[in-house]
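Taken from TrEMBL, the feature active site, tele-UMP-histidine intermediate covers B:165. Annotated domain 'Galactose-1-phosphate uridyl transferase N-terminal' per TrEMBL: B:4-175, in sequence order.
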């Protein structure tokens, strides 16, 4: 029997309907993206991107030379730009604001075909370090309220290049999904004097049917009301509202990299080389330290296309229950 | 220069960034869906769907015979089902509800390859009549709070069959996007004593740069803060909170069908046979007649894949401004 389930944070409902998995829909397969001539992220093509903002490389290397293993550059086709003084505009009932912000690309490796699931643990850890350095650097810009760190893997997940990379977009506006999570988390806190994410971890440990993996500092699980089949969240076990604080705990960075890599590996092992997105949710800069919000990573495999019902209603139909998904993913653990 | 724009109804922000349109992303082309053996919606295959709920056919036809031109049937792979007594369940902080509701398919024609843009006006009109009949019929079920009527065109828009069809899903829960629109509309009304959609129509007429077409009863325009390139809204010019009331005004049904067909034609003429979704937004059944909400249709072409940034933040990056989109679409009018 299908079931409506409510996400306890945002009060968004989803429909879990295993019946739907029988319909004759084409499964999305990740298609390799062919670059037309060359890849701007390959070694030797450093001049084809805007100058680097950060690079992990041997000491005494020159900026933009070939000796990097992780490289952060401004996006060549930016959604927002840092070199303007943003102004608000009003026209009747309409409001707009100049597109101030940062849009950067984290090039994760020199190897064009490298994947998170076959990187060394150290390589994944260093990607997280690159996120943390940029997060804590951009935070100093008082005009910026939020940084969204995310990865698009595969063209069906919105990637335009095959070369392994993540992105960040920093904006003077707090995104609406984060606002909604913050609102839900604040409500819960005012009622229960507890962080809702901490309560979710507790409940998940009691129910013990949606957890995929747990290590010293993190837990990976299928949320109770997932929008997408095999949607997986990774969350620090101890309350932590600020992703950026991780820089003070190298052993936690290691633990986070480990569980992220396992999560991506499990999906690959079960479902093949599927497209996916992940995004890190954290508190906005103006309230980084709080008791009610808990930073986490959300990973969504892109196995089906959201359709008119989803886009029209915000109601998601998910044909695989998180309990079945967790069971299948747990079997893959290496 | 990129620009943040705020949707005046929901306060959701989008980023309009024409710079992004230069990046080397693969454009989505609509792929024809090949049915493996036969199409369950073709004439002669009536026995392959669940028994019909409604059919437009000559008098004295038998149920489920071949003599229909529009046919409404329960979805064979339903997201929700009507033959249960729904119960709420609570487990700690988690809530769920049995998947009660209606999930129906409106088969729009017997012709397998027929498209809205090359149907007769009468054919489109009758599709709207089928929506209206089912809307007003399902309304009688007091357990149902909302009906989402929508169309998925093309597999990248979530369709699993090529044969022309729309769907409806009726639920005992008001979808979150509708809740958000209602909330924004109520706020606006309490401040200005006016419907926000009526105010949008006024402002659009003043600005006169986003309107594509206007007929006696409806207006089609690009919204100020569109999530997607060429997103188009169709809205009745006179305040009307209830889609279902249209059944009392056959001339308005005609006018709506006409502008819907033109809208689909313009997109086809400009962009080719692209995948798209449309969805009708209306007031929930428990408050059908009100001064603050205005029913409308939202059409979203599926030219790009929503990526990690969009899914993670609810912030949409749109590489084509609604003013440019409107200008391009207006040129296509036949």
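From the backbone N, Cα and C atoms, a Cβ is placed for every residue, glycine too.
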Determine the mean pLDDT over the domain 'Galactose-1-phosphate uridyl transferase N-terminal' (B:4-175), rounding to the nearest whole number. 92
Secondary structure of residue B:165 (active site, tele-UMP-histidine intermediate) (DSSP, helix/strand/coil): strand
Within the chain of residue B:165 (active site, tele-UMP-histidine intermediate), which residues six or more apart in sequence place their C-beta under 8 angstroms from its C-beta? B:41, B:105, B:106, B:107, B:108, B:151
